[in-house]
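Q: If you scroll down you'll find the structure; I have some questions about it.
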Amino acid sequence: MTQALDIADLKKKARRRVPKMFFDYADSGSYTQGTYRANEADFQKIKLRQRVLVDMTNRSLETTMVGRAVSMPVALAPTGLTGMQHADGEILAAQAAEEAGVPFTLSTMSICSIEDVAAHTKTPFWFQLYVMKDRDFVGNLIDRAKAAGCSALVLTLDLQILGQRHNDIRNGLSTPPKFTPKHILQMATRPFWCLDMLKTQRRTFGNIVGHAKNVSDLSSLSTWTAEQFDPQLSWKDVAWIKERWGGKLILKGVLDVEDAKMAAETGADALIVSNHGGRQLDGAPSSISMLPKIVDAVGDRIEVHMDGGIRSGQDVLKALALGAKGTFIGRPFLYGLGAGGRDGVKLALDIIRKELDTTLALCGKRVIADATSEIIAESPF
Ligand SMILES: Cc1cc2nc3c(=O)[nH]c(=O)nc-3n(C[C@H](O)[C@H](O)[C@H](O)COP(=O)(O)O)c2cc1C
């Protein structure tokens, strides 16, 4: 593990440890994957200003995200099926985030349940909500997140229907996963993953089975998830969700200035500029290219965060310089998890922290609040 120097190294290790269908599930965008690629590539177009002979002592990356103190402005993004990258994946990632002093966000579509993650951590985590047609189930989920002490609700707006990911279809990945001879063969070539998986009971959607009406086993779960994402979700729903939750609310999946204005109107605490990691609307612009426009339009009214394509501390710094108050990472922590469980996630965060700290210093700044547009040499956005 210690040999991994960057997130790309962790990705290579994860590819060797995680069965193909689950590795591909993480490393995929929708359709041509153009937006997925653009998320990463557009960061490379931004150039930083090299400054010299400034005092670099006493640096700090500490700040806040929706009022929560963080050791650096990098949260773990909600990701479904995380417990399939590594046994007990959500619990391990939440523990690593806790140790690193950054927020962990649990997906509705997680393997470990809200209660299970709460029982294995001390710091409140954030909960991501998908709004299903079964509003009783949704209300219940909100109440469960509250009861578990979650300190922010992340409401995802960009997945009312699913963008197609060719890899998942080719691999026969389904929700919940099926175990055909092809899949069993893939798993047999990943013995460490299998051994860990045999030791855990957490292998299905922990927030759903036993909680949604008529979902008690894998086949009823499959039918339920296929039918439940709500294509009629609207801005009006944000109001009742906000009221029922009553705490910090983050709206995730805003990529357009008009939508950002609507998001600011709702009174939510933050929005995340995001295209779901290039997994939904293929052909949409990269998140980083839209960030400055959205900050310009609503940055004085709502905290603006971003995700999509961050693979290094340099990327985090660029996002902050273009106006983000905080960032989220998806694949970087999933690769760490697949490569080495809790230690792998911790390493992913340590790598990003060190890159961020060094880059901040080389830009001639000592505190993260000074990472403003002043540190940008050139940006096409
Ligand atoms: C494997 C995977 C599963 C995801 N599942 C969810 C999810 O359940 N809910 C959600 O709001 N976003 C989900 N996302 C999107 C992430 O929260 C985040 O927006 C995205 O990963 C950021 O891009 P990055 O992976 O390039 O950092 C998922 C992303 C990945 C890669």
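Glycine residues also receive a Cβ, built from the backbone N, Cα and C atoms like all the rest.
Pulled these features from TrEMBL for this protein:
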- H276: active site, proton acceptor (ACT_SITE)
- Y25, R165, H276, R279: glyoxylate binding site (BINDING)
- 78-80, S107, Q128, Y130, T156, K252, S274, 307-311, 330-331: FMN binding site (BINDING)
- 1-381: domain 'FMN hydroxy acid dehydrogenase' (DOMAIN)
Q: Can you give the largest Cα to Cα distance in Å, as a whole number, for the residues Y25, R165, H276, R279 that bind glyoxylate in the record?
A: 13
Q: Using DSSP with the three-state reduction, classify Y25 (glyoxylate binding site) as helix, strand or coil.
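A: Y25 (glyoxylate binding site) sits in a helix per DSSP.
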Q: Taking the centroid of the Cβ atoms of Y25, R165, H276, R279 as the glyoxylate site, which other residues of that chain lie with their Cβ within 8 Å of it, listed in sequence order?
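A: The surrounding set, listed in chain order, is S28, G29, S30, G163, D168, G277, G278, Q280.
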Q: Counting distance between Cα atoms, which of the recorded positions Y25, R165, H276, R279 is nearest I310 (FMN binding site)?
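A: The smallest Cα gap between I310 (FMN binding site) and any of the recorded positions is with H276.
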Q: Taking the binding-site residues G80, T156, R165, G308, G330, which residues show a Cβ-atom distance to ligand 1 below 6 Å?
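A: Cβ < 6 Å from ligand 1, in sequence order: G80, T156, G308, G330.
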Q: Residues with Cβ closer than 8 Å to the Cβ of H276 (active site, proton acceptor), same chain and 6+ apart in sequence?
A: T156, D158, L159, G163, G253, G308
Q: For P78 (FMN binding site), what is the tally of other C-beta atoms lying within 10 angstroms of its C-beta?
A: 25
Q: For R165 (glyoxylate binding site), which DSSP three-state class applies?
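A: In three-state terms, R165 (glyoxylate binding site) counts as coil.
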